[in-house]
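K.L.:
Attaching a single structure in structure tokens format; questions to follow.
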Amino acid sequence: MLLEQLRRAADERQARALTRRRRIAHTACAPHQAVGPVDAPAPQPLLTFCSNDYMGLASHPDVVAALADGARLYGAGSGASHLVSGHSLAHARLEEELARWFAPHIPQARTLYFCTGYMANMAVLTALGTAGATLFCETLNHASLIDGARLARADVQRYPHCDAAALDALLAASTSPLKLIVTDSVFSMDGDVAPLAELLALAERHDAWIIVDDAHGFGVLGDDGHGVLQALGLNSERFIYIGTLGKAAGVAGAFVAAHETIIEHLVNTARPYIYTTAAPPAVAHALMASLAIIEGEEGRQRRANLNQLIADLRAGLAPLAAAAGWELGDSATAVQPLIVGDNAVSLALSARLEAEGIRVGAIRPPTVPEGTARLRITLSATHTAADVQRLVGVLADAVPPEAKREAA
């Protein structure tokens, strides 16, 4: 019975062009990467626009060397959870450095390191979203925030995308003793940024707290790459900030930055933190090298290059999208969605690009709402202007000739 049910579900996914398949990367994460299907005899060299390595640090020699040094110092694994014997000097130093970064934005800030961003989000929402609390969740939040809200014992209310007025009304009507606003900062499939200054004003008006997942902003936004709070110049003890260390930081893991009382509560009550083996100390050691690059002059240069590439890509894609009846999302970040609507069209465009040696993922429901299938184009600071021109050129060839004539 189980196998029959699963086969029917697989057939339904296939009929709706929703089947997902893994690919194998044969070389390091970089704009130019050798990739192949699981059963391919040899990988294909591809220009990739689908990783989240926004700062190009996953293959940075300093970070790679630090990872090796960390393994020599601390071994391959931690051996236990943080509360048993797995909390190493490398973990402690990483948390101290991140606390320094967030001291200007969260009074009495401390940080807590997690193995993954998913675990960090689950930990925060389940530890704070207890019975009697209410979570006010953005409709386009990441799946990990959605799942965390489902597992929390709190009441859950949803507000429309970036709609501060609707959130204001929900908060005003709530009698909950603990109100928690839950939002992405940079939305992972759209690239736009939550109105955090407005949300903070609402939090202060209604005595609420803000859980903000800055997975796609940390390392990229702000003069020093410290993320969305630095970029917007915000400071409040009401922020419970979650940053990812496997995207712009180029390694792995995540962290929570919050008032020290909140962090101490998580250490003692957050089950995803307590009941799992700590990440290898070598990873934390490598992240120290990554943070130094992000905050230093090289990081500033990389962010400047990334911002120029974003502008170049949007300038090239805007007329193509208009001609083809597609939508170029309103994004000023490294996540650039080209929304085509139909699932099959998104897959066909992705296949067309791959035939020309370019890899861009086709994103379909349930990851995005029905009717908004898209190419999710992501840029890295280590892409070049020529890389972007090549992508735009291939997409231009994919626009139907009749659409080009109508646009002309």
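Backbone N, Cα and C define each Cβ position, glycine as well.
Below are the features listed in Swiss-Prot for this protein:
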BINDING   R20, H142, T367  substrate binding site
BINDING   G117, Y118, S188, H216, T244  pyridoxal 5'-phosphate binding site
MOD_RES   K247  N6-(pyridoxal phosphate)lysine
K.L.:
Which ones are near H142 (substrate binding site): of the recorded positions H216, T244, K247, which have a Cα within 10 Å?
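P.N.:
Cα filter at 10 Å returns nothing.
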K.L.:
Rank the recorded positions R20, H142, K247 by the number of other Cβ atoms within 10 Å of each Cβ and report the first-ranked residue.
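P.N.:
That would be K247, with the highest Cβ count within 10 Å.
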K.L.:
Given the binding-site residues S188, T244, which one is most crowded in terms of C-beta atoms within 10 angstroms?
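P.N.:
Counting Cβ neighbours within 10 Å, the top one is T244.
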K.L.:
Take the Cβ of G117 (pyridoxal 5'-phosphate binding site) and count every other Cβ within 10 Å, whichever protein chain it belongs to.
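P.N.:
Excluding its own Cβ, G117 (pyridoxal 5'-phosphate binding site) sees 25 Cβ atoms within 10 Å.
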K.L.:
If you measure T367 (substrate binding site) to G117 (pyridoxal 5'-phosphate binding site) at Cα, how many Å is it?
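P.N.:
If we compare the Cα positions of T367 (substrate binding site) and G117 (pyridoxal 5'-phosphate binding site), the gap is 17 Å.
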K.L.:
Taking DSSP three-state, what's T244 (pyridoxal 5'-phosphate binding site) in: helix, strand or coil?
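P.N.:
T244 (pyridoxal 5'-phosphate binding site) sits in a strand per DSSP.
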K.L.:
Mind telling me which of the binding-site residues Y118, H216, T367 has the densest Cβ neighbourhood, counting other Cβ atoms within 10 Å?
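P.N.:
Max Cβ neighbours within 10 Å, all protein chains included: H216.
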K.L.:
Within 8 Å of the centroid of the Cβ atoms of G117, Y118, S188, H216, T244, which other residues of that chain place their own Cβ, given that this set defines the recorded pyridoxal 5'-phosphate site?
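P.N.:
Going along the sequence, the neighbours come out as N52, N121, H142, S144, D213, A215, G246, K247, A254.
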K.L.:
Taking DSSP as the reference, which of helix, strand or coil describes H142 (substrate binding site)?
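P.N.:
The residue in question, H142 (substrate binding site), is coil (DSSP, three-state).
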